[in-house]
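To keep things clear, I will list the structure first and then write my remarks on it.
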Amino acid sequence: MSDQQQPAVGSKSFTAVAINCAAKAGEWIKTKLGNHTSLSLKYSAQDLVTEVDKGSEKMIKSLIQTHFPDHSFLGEEGVEPGPEASAKALQSVRDAEYLWIVDPVDGTTNFVHGFPFFSVSIALAYKGEVIVGVVYDPMRDELFVAEKGKGAYVRGKRMTVSPDDTLKCSLIATGFPADPTYALPLNMKGLQALVPEVRNIRSGGSAALHMAYVASGRLSGFWEFGLNAWDLAAGSLLVTESGGHVTDTKGSLYDIGVRNVVATNGHIHEEFLGVLAKADAAG
Ligand code: IPD
Ligand code: CA
Ligand code: CA
C-alpha cells in the first residue's frame, strides 16, 4: 500500500476493534463449551453448526458495524453451505474497499466434542489485501495479532517462524477435508508422500490456529484443501508478518480466493510443494 492509499482511519483502531471482537466472542464461546443446545449439519455429515457459531458471528458483526457501518462483511454463517455458495459470496464482496472476513468458531467439531482447540478468526482486507489479522484461542487465552507491515505478535511478543530448513526436521499439520471425491483423495496422497519425509504430522482441527502455529514457530508448515476465505485470511497475514510464506498448493501467492493452501516458515516451502507435486497431490 502506498502512503496515499493509507486507510482513512488509523489501522490501530481497526486492529483494536478486531481484537475486541475476537476477545469478547472467544470468552463467550468458552462459557458455552459443553453446553451448546443445538447442533445441525450443513453441507455434509462433517460440516457442523451450533447456536454458538451463529451467536458469535452475530456478536462480531454487530460490533464491527457499530464502529464501521460502511464496511463490507463476509462471515461463514451468513453464507449458504458448500464451496459454490462460498465462492459466489466472496465474489460479491471481494472488490469492497474494506472487507471484514470472519470465522466465528473455527474448529466447530472440536468445540462440539469438547476438544479444546478452536478459535475465532477475524481479518480486515483493504481492496482485497489483508491488512489486519487476529486469531484468538479462548482455551489458552492466546491472541495472535498481525498488522500489514508491522509484524505479528502473540501475548504481546513478536512472532517469528521456525528456523527448520528441511522437511526432515519439520513438524507440520493438515486438516482432513470432508469432500470425498476431490479434496480428500488429494489430501491422502499428500499425507502418504509427506509422512516419511517429515518429523511428524498433526491434525488439530482448526485451520486458523494451524496458521497461527506456523506463524509462531510451533509448526513449520501446514497444508489443506477446500478451505474458505474465513479460515485463512487472518492466518495468512500472521504467517507472512512472521517471516513465513503462503501460497496455494501449486505455488501461486496467497490471495483471499485461495482454497488449497500451503503455509510454511519459507525455508521448507519449495521442498514441501515439490513433494506434493511429485505425488500428484497438488490439485
Ligand atoms: C474447519 C476447521 C478444520 C478444517 C476444516 C474447516 P469450521 O472450519 O478449520 O480444521 O479442517 O476444513 O472447515 O467448519 O470448524 O469453521
Ligand atoms: Ca473454519
Ligand atoms: Ca466456523
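Using the three backbone atoms N, Cα and C, a Cβ is placed for every residue, glycine included.
In sequence order, Asp103, Asp106, Ser121, Ala207, Ala208 make up the list of same-chain residues 6 or more apart from Asp231 (Mg(2+) binding site) whose Cβ falls under 8 Å from its Cβ. TrEMBL lists Glu76, Asp103, Asp106, Asp231 with the feature Mg(2+) binding site.
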Nonlocal residues around Glu76 (Mg(2+) binding site), in sequence order (Cβ under 8 Å, 6 or more apart): Asp53, Glu57, Val102, Asp103, Pro104, Asn228, Trp230
Fewest other C-beta atoms within 10 angstroms, as judged across Asp103, Asp106, which are the binding-site residues: Asp106
Sorted by sequence, non-Glu76, Asp103, Asp106, Asp231 residues with Cβ within 8 Å of centre, Mg(2+): Val102, Pro104, Val105, Ser121, Ala207, Ala208, Asn228, Trp230
